[in-house]
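> Here's the feature list from TrEMBL:
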DOMAIN    A:96-311  domain 'ABC transmembrane type-1'
TRANSMEM  A:9-30  transmembrane segment
TRANSMEM  A:96-122  transmembrane segment
TRANSMEM  A:143-164  transmembrane segment
TRANSMEM  A:184-204  transmembrane segment
TRANSMEM  A:242-270  transmembrane segment
TRANSMEM  A:290-314  transmembrane segment
Amino acid sequence: MKKYVTRRVFMGLLTIFVVFTINFIIIRLAPGDPISTIMGKDNDDPILRTALEEKYGFDKPMITQYAIYLKNALTGDLGISIIYNKEVMAMITERIVPTLLLVLTAAILAVIIGTLMGMYAAKNEGSKIDVIFSGAAYIFNSMPAFWLGLILIIIFSSVLGLLPSYGMINTRDAHTGFDYILDVIVHMVLPVCTLVLVEIPIYFRIAKSSILQVTNEDFIVTLRATGMSERKIFNKYILRNAILPTITIFGISLAYLITGVALIETVFAWPGTGSLMLTAINQRDYPTLMGIYLIMSISVAVVMVLVDIVYATFDPRIRF
Amino acid sequence: MNQLLEIKDFSVTYVNKSKKVYAVKNVNLKINKGDSLGIVGESGSGKSTLAMALLRLLPEKNTQITGKANFIGKDLVQLNQKELKNIRWNELAVVFQKSMNALSPVHRIGPQIEDIYRVHKPNASKEEIFSRITYLLRLVNLSERVYTLYPHELSGGMLQRVSIAISLVHNPKLLIMDEATTALDVVTQGQILDEIVKMEQTLDVTRIMITHDISVVAASCNKIAVMYAGEFMEIGYVKDVLKNPKHPYTRGLLSSFPSLKGEKLKLTGISGYLPNLSVKQEGCIFAPRCQQATEKCKQEKPLGVEMNENTVWCHLYSSGGELINEDQKPVYKD
């Protein structure tokens, strides 16, 4: 097990390094450059251009730029945003917390609710509730998340006026202490609901099909033949075996959410990394973009390593 | 009373919306204490269905079981869930076809057996369970080490032994082995059969062995029941039935196995296929494939004919057990 964990961690680090390098190259291959954005459309003063290029180090060959960037990144210095003129590291730390708050809350809620629904549906296969759950799962699974977010805003904010539609806190009415937490929770309801509704069907279907499959395994028939109670068989043997695919899907889905939440953050004006990333892409803000990608790849790698370790504790067969 | 299990007019029917499949039809069978009965037949003849029905492991939603199965004074067909629970594994244990999958892959073997042990002895101490399990593991020639291993760390033959050990946890009176050695190579199969026979001498257990391999029955059983399309064709002592098969189907089945000794003969099979079991058939179920079938065979179900403790269901024999027509001595030609 120790060897396995070490290997997974090492693989994670390697992944981050590779992603880091590929990002560095891809961003610079894309057309457009940040200098033009700073200088503006009509201004094409060669002296200013050279000065700016020198300031940000774009005059050096790409390999040198890469070496410098890698060296700085290792010490935690991700450079200075070309557009905002602020330290990238500070900008990201400020915004990564809301993103992770949103993503983790949604992912954990979705995995719990979806799996419970799947368990119920599998136990009562063919019942009315199973049919309703499965039908709803199809509908929500085929909905684009950002559209669902907009519809929720229309229903709960515009028409019913129950919930705030944007931001993380009420800027006009600053709260402290417990009220602050409550304020954040109220603001989280809609974006979290959107993500949860879109994620539930995945966990629902995985849990249901996996439980049904395990229920038909030979060892379950053997356990039934021993006279063991159905409850014990389900809680101890079926669940433990059926939960394995859910763990895998949780890892994949969480990684997808961390990077894919940008659109939802935009819909709800959530002050996370998503909106920062979208502006950075539009304005070719290389340092910011690189920084966000780096943090995201680290988050994804950490999630993957954790999921792999959790999986290995559940399934002895893959501890190689 | 020496009788352990008596099955009377036992039928199993699979039902779904559009049709019924008569998998086992009105079978009668008696098993005495200490017997080892081999049930043989081709695939789809209802051997496993019979076993699963006796164990009441078929989904109740889409199966109908009728008839009686008296097992030490209780009718297995009528038992409610609670009575069933008490009988399971205490009196009636089973080893399944695919023992490779007979254990949960994510739990250690020892604790799984502990759980099974605790089903009927919930207050057993850890030492008591451990000594019982290690005793059983030794009985099937496995080391104690197996206790802490996961199923994927064992070979197929070892898992088979574990399954057999598990089936013996509570000293069952009747042990059903459903193709328990089919997936193994012949060498391992031979070893395990030897062990089973030896075990039976020490533990007082009666065994039903379901297989399509007659040699398994010959090596490990004293009685044989030949099954075809959900009905018994012939039941009797192995030495009688294998040497002198009475029923044309048994003859056909035996002539499809090569013999180790004697003249090299061309193997013959039985032409035709299993009948469609969703259609109820008049007369003897084997008649359409039987070369000696008469008009009577096609119209009337044969009754069991007793011949020195052996029974055969065939119109070729009179109720006294003699051939009705000497010319019709059962033969099998291609």
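Every residue gets a Cβ built from N, Cα and C, even glycine.
Annotations in TrEMBL come from automatic prediction, not curation.
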> Should anything in the same chain at least six residues away from the transmembrane segment (A:9-30) have a Cβ under 8 Å from its Cβ atoms, list it; otherwise answer none.
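Non-local partners: 62, 66, 69-70, 73, 284, 286, 289-290, 293-294, 297-298, 301-302, 304-305.
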> The transmembrane segment (A:290-314): which same-chain residues, six or more beyond its ends, come within Cβ distance under 8 Å?
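Residues packing against the transmembrane segment (A:290-314) from afar: 1, 4-5, 8-9, 11-13, 15-16, 19-20, 23-24, 27, 69, 73, 78-79, 88-89, 91-92, 96, 100, 240, 243-244, 247-248, 250-251, 254-255, 258-259, 273, 276-277, 280.
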> In terms of Cβ proximity under 8 Å, which residues at least six beyond the ends of the transmembrane segment (A:242-270) contact it?
98-100, 102-104, 106-107, 110-111, 115, 145-146, 149-150, 153, 165-168, 190-191, 194-195, 199, 202-203, 206-207, 210-211, 213-214, 277-278, 296, 299-300, 303-304, 306-308, 310-311, 314-315
